[in-house]
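Enquirer: This is the structure I have questions about; it appears just below.
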Amino acid sequence: MKKRKVLIPLMALSTILVSSTGNLEVIQAEVKQENRLLNESESSSQGLLGYYFSDLNFQAPMVVTSSTTGDLSIPSSELENIPSENQYFQSAIWSGFIKVKKSDEYTFATSADNHVTMWVDDQEVINKASNSNKIRLEKGRLYQIKIQYQRENPTEKGLDFKLYWTDSQNKKEVISSDNLQLPELKQKSSNSRKKRSTSAGPTVPDRDNDGIPDSLEVEGYTVDVKNKRTFLSPWISNIHEKKGLTKYKSSPEKWSTASDPYSDFEKVTGRIDKNVSPEARHPLVAAYPIVHVDMENIILSKNEDQSTQNTDSQTRTISKNTSTSRTHTSEVHGNAEVHASFFDIGGSVSAGFSNSNSSTVAIDHSLSLAGERTWAETMGLNTADTARLNANIRYVNTGTAPIYNVLPTTSLVLGKNQTLATIKAKENQLSQILAPNNYYPSKNLAPIALNAQDDFSSTPITMNYNQFLELEKTKQLRLDTDQVYGNIATYNFENGRVRVDTGSNWSEVLPQIQETTARIIFNGKDLNLVERRIAAVNPSDPLETTKPDMTLKEALKIAFGFNEPNGNLQYQGKDITEFDFNFDQQTSQNIKNQLAELNATNIYTVLDKIKLNAKMNILIRDKRFHYDRNNIAVGADESVVKEAHREVINSSTEGLLLNIDKDIRKILSGYIVEIEDTEGLKEVINDRYDMLNISSLRQDGKTFIDFKKYNDKLPLYISNPNYKVNVYAVTKENTIINPSENGDTSTNGIKKILIFSKKGYEIG
């Protein structure tokens, strides 16, 4: 009897998996890569942070910038982003820390003492017209300094201002960069240097202490670079739009508007871990890791005592390639799923979105070296035996922030909920850094072998006989991430480098991000599902209402790169109307209410008015494709598949060379080739559904359908030039076959799409 094979569409959910490898070369190579990534995250921490105001009372900030030395001047040539009338600075505040190379008494002075008050810690050292006071500074200590400048009705644009000091040897000089350090802008709950900060005199209106004045966070600001200095200034649309600068708004009461570990100021000025993705440098896009695993291969063997294992049994293994897709399940947690018409406005409703991070891995369905025998027959597995599982995997981070010292806990699940093993990663399975869009181990290195439940490989991952048979039948495993431990790297203001905080844990931060953001999942690029979280208002939480309103249109632009050429919202040339929207029930009710208030009948026309709220769940998918319950593309409309195959570069009796869109390639299981005679009788060349994979991708990106691959390695033989050669494409949604009891495995029952049909004399 022929072995029954079932072609399963690739289905996968996001997860993370543990590593266990003794490959020292792999470890050493990864450590070098990790150290390089971490060391790249540097910027200067030297100097003072300055705020320049157009009014006398520190209420109208025009520029926020840092100066590396005691030369705190801003020439008018660097103020082109500010309206001319606001370039006359009447007040300024500088803050930071000062340190000395030798203990001594110092006297401070400026180029405008008559307009200056200055403190070192709590001691006043300059008070406008009065004489400066000496202060003793000790080597090795950091002293907080604050300078206030006020000058009514200045006559020149910009500001010419220098800070000097004089030691006991009466040597006066502009304070150098080695002696100045930027302030540490911690959240107000911090109990570090904030305790000994001076409260003398007016302060910058900055309630959340993120470094951005409150008025700018509310009204809008932008960041530009002039002569190697970052300038944060109020948003002026008629100036900044022409330069292509980005307008930011953020909460004046949240140090991090998106609730991630990076302040709004750190994000927009670049004082941040350089491994954070570009889109998450926006204060309203959350920076956080999403860690999955890609399983590349699975090896199954009989679980035997090594001391009694004979030579023959050592070769009785099953090795299969696997594939993993990252998915988000739309479901109600009662095994039911609802997809209802959303009032014909361009959306649909799912009963719920799964929040679990898991991955379903599809095992290759092609013929094994053992021929037609079952897996159990190949391995000599009997009902009383158990089988060992060895998986080859890689970690991958599809989020927007790096995670350090990664230690996950993962369950391997068969079927719906048969847990084969739950494995907690140990220190020797740790990945030092997993940056966004990076793999561990990297693709040029061997994958990790996962084959044991403990540190000493004494407890293998096993399956009983019935579980083994189920795995062969379904050819699927699910990997659930129960939890993941990993550290955060933050900017160190003392040395300008990123430092991994070993006391931090992403698992403590992620719940706060999830509670205060809207989640959007989008599959626009290569049909890969990408999740992003955007800061959004929670009307029932007073603090969260201080965030700027966020529209669905703006969220798509800042998180996914949508743009508006000719006023139409597009993604990589595709109009927004080519995508559909899917909401969970709570989100759909919110959207429905907003549409009613707007008197709108089509969501696409009011995307700039639909406001996001925290905890919304929105899935946006390419309309051309069909999806399974995990939102993986498994098919497409027939017209779409045909259109994708219309560009045949050349054809012959050896095969077809085509130029096929990579999105279409992802949904194809393969092709069926047949010869049709003049009376309409058809003979399938590859008439087994495990022989559909007769195509290959060439280095130039073109697809070749090889007629010889399952035709005894010979070109097609066409006895009559008027006979037709028909080629059909088969999508993944049409390859779940239930063979008949007599073992029939023909392709007769497969739904197929005709993509090529020519007579023999036409193909040469």
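Glycine is no exception: its Cβ is also placed from the backbone N, Cα and C atoms.
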Enquirer: Let me know which member of Asp178, Asp264, Asp273 Swiss-Prot also records as binding Ca(2+) 2 at the site of Asp208, Asp210, Glu217, Ser251, Lys254.
Expert: Asp264
Enquirer: Per DSSP, to which secondary structure element type does Ile212 (Ca(2+) 1 binding site) belong, with helix, strand and coil as the options?
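Expert: Coil, per DSSP.
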Enquirer: Under 8 Å Cβ to Cβ from Asp210 (Ca(2+) 1 binding site), same chain, six or more residues apart: give me those in sequence order, or none if nothing qualifies.
Expert: Leu185, Ser250, Lys254, Trp255, Ser256, Ser263, Asp264, Phe265
Enquirer: Across the region 'Domain 3, heptamerization' (517-624), what are the DSSP residue counts per state (helix, strand, coil)?
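Expert: Secondary-structure composition of the region 'Domain 3, heptamerization' (517-624): 37 helix, 33 strand, 38 coil.
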Enquirer: If I restrict to non-local contacts, at least six residues apart, and a C-beta distance under 8 angstroms, what lies near Glu217 (Ca(2+) 1 binding site) in its own chain?
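Expert: Spatial neighbours, sequence-distant, of Glu217 (Ca(2+) 1 binding site): Lys249, Ser250, Ser251, Pro252, Asp264.
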Enquirer: Suppose the Ca(2+) 1 site is Asp206, Asp208, Asp210, Ile212, Glu217. Which further residues of the same chain have a Cβ inside 8 angstroms of that site's Cβ centroid?
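Expert: Neighbours found: Arg207, Asn209, Gly211, Pro213, Asp214, Leu216, Ser250, Ser251, Pro252, Trp255, Ser263, Asp264, Phe265.
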Enquirer: Quick one: give me the count of other CB atoms within 10 A of the CB of Asp206 (Ca(2+) 1 binding site).
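Expert: A count of 21.
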Enquirer: In sequence order, what residues of the same chain, 6+ apart, have a Cβ less than 8 Å from the Cβ of Ile212 (Ca(2+) 1 binding site)?
Expert: Val64, Asp206, Tyr221, Leu232, Ser250, Asp264, Phe265, Val268
Enquirer: What three-state class does DSSP give Asp206 (Ca(2+) 1 binding site)?
Expert: coil
Enquirer: Around Asp208 (Ca(2+) 1 binding site), how many other CB atoms lie within 10 A of its CB?
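Expert: Its Cβ has 23 other Cβ atoms within 10 Å.
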